[in-house]
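*Asks:* OK, TrEMBL features for this one:
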BINDING   31, 33, 58, 79, 107, 122  S-adenosyl-L-methionine binding site
COMPBIAS  1-13  compositional bias 'Basic residues'
COMPBIAS  289-309  compositional bias 'Acidic residues'
DOMAIN    38-207  domain 'Ribosomal RNA adenine methylase transferase N-terminal'
REGION    1-21  region 'Disordered'
REGION    279-309  region 'Disordered'
């Protein structure tokens, strides 16, 4: 067996051979599913139709690809590693599946994805966040994605208000999609085994798409989750938060004054803000949804205003929180609807986050 003849020094912690002679590199996130029962379960839970065009990301040597070809009409496989591309083409060459398999060699994050009905993938975990939002902003919207993630990342995706792992990732993802947990997957189901357990998650884009300015929403959620277990009243009293919002407020006021003077249109300012959500950049943006801990601010390092420091703008911000009864609430316990309502109150008061 070719894999058994490889020198030991080439089979360290970062790579492992497979029986066909291809070496898998852990550093590149190459962990191939080896349990056929698990592969069958993933395909079954994906609910693939015989007419479906399926997108597979990181097909590796084709264990999952074969089952997808059996279930759907066509598989479009995106693979970065040229060795895996050759292995994949060799595996299906001369079979009835060869005409229904299209292999794209390249980085999926930099690739313009073609039309597909469903995505089924065992992905390199280091691209989990950017890939999730690339898929969520893909047009036209697909029916669903069934993806293998690192377990903790998956639990953040599906976390609900009040859960320990509820964070910006949870809120941002669930704005655009319904997310559900399907399977827990132990590390021994892979070759080579990763250091962490995994989970399979189902993502279904919401239709119609939420009518929200993506940059405005992301800026708002970032601020709310600066310290997710502190009250919103405490967060919106922070000097750097007030400074950012006041700068946005004054910029908008200046735009409104300029446009009103030249066009005599008192509504033009809001038209400018609304138009931001229609740009191509917004439709294709990738949200930075780093870990919750990265957003936390230690109590000793905050810059919260003292009670004696009261500005007109600060009063305006706090009045919005009080109007919606949000001053004593915490981001860690707010629902999607509550976040949307609070954002609408801020925008109504002329306060914006992008």
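Don't overthink the numbers, they just go from 1 along the chain as shown.
Cβ coordinates come from backbone N, Cα and C, glycine included.
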*Asks:* Give me the non-local Cβ neighbours of residue 122 (S-adenosyl-L-methionine binding site): same chain, 6+ apart in sequence, Cβ-Cβ under 8 Å, ordered along the sequence.
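*Replies:* Those within reach of residue 122 (S-adenosyl-L-methionine binding site), by Cβ under 8 Å and sequence separation of 6 or more, are 31, 32, 33, 58, 60, 64, 147, 148.
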*Asks:* Applying a 10 Å Cβ distance cut-off over all chains shown, what neighbour count does residue 31 (S-adenosyl-L-methionine binding site) have?
*Replies:* 26
*Asks:* For residue 107 (S-adenosyl-L-methionine binding site), write down the residues of its own chain that are at least 6 apart in sequence and whose Cβ falls under 8 Å from its Cβ; none is a fine answer.
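*Replies:* Listed in sequence order, they are 80.
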*Asks:* To what whole number does the mean pLDDT across the domain 'Ribosomal RNA adenine methylase transferase N-terminal' (38-207) round?
*Replies:* 95
*Asks:* Rounded to a whole number, what is the top Cα to Cα distance in Å among the residues the record ties to S-adenosyl-L-methionine, namely 31, 33, 58, 79, 107, 122?
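*Replies:* Among the residues the record ties to S-adenosyl-L-methionine, max Cα distance equals 20 Å.
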*Asks:* Under 8 Å between C-beta atoms and at least six apart in sequence, can you list the same-chain neighbours of residue 79 (S-adenosyl-L-methionine binding site), or say none if there are none?
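*Replies:* For residue 79 (S-adenosyl-L-methionine binding site), the qualifying residues are 58, 59, 60, 85, 88, 103, 104, 105.
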*Asks:* For the binding-site residues 33, 58, which one has the sparsest Cβ surroundings, going by other Cβ atoms within 10 Å?
*Replies:* 33
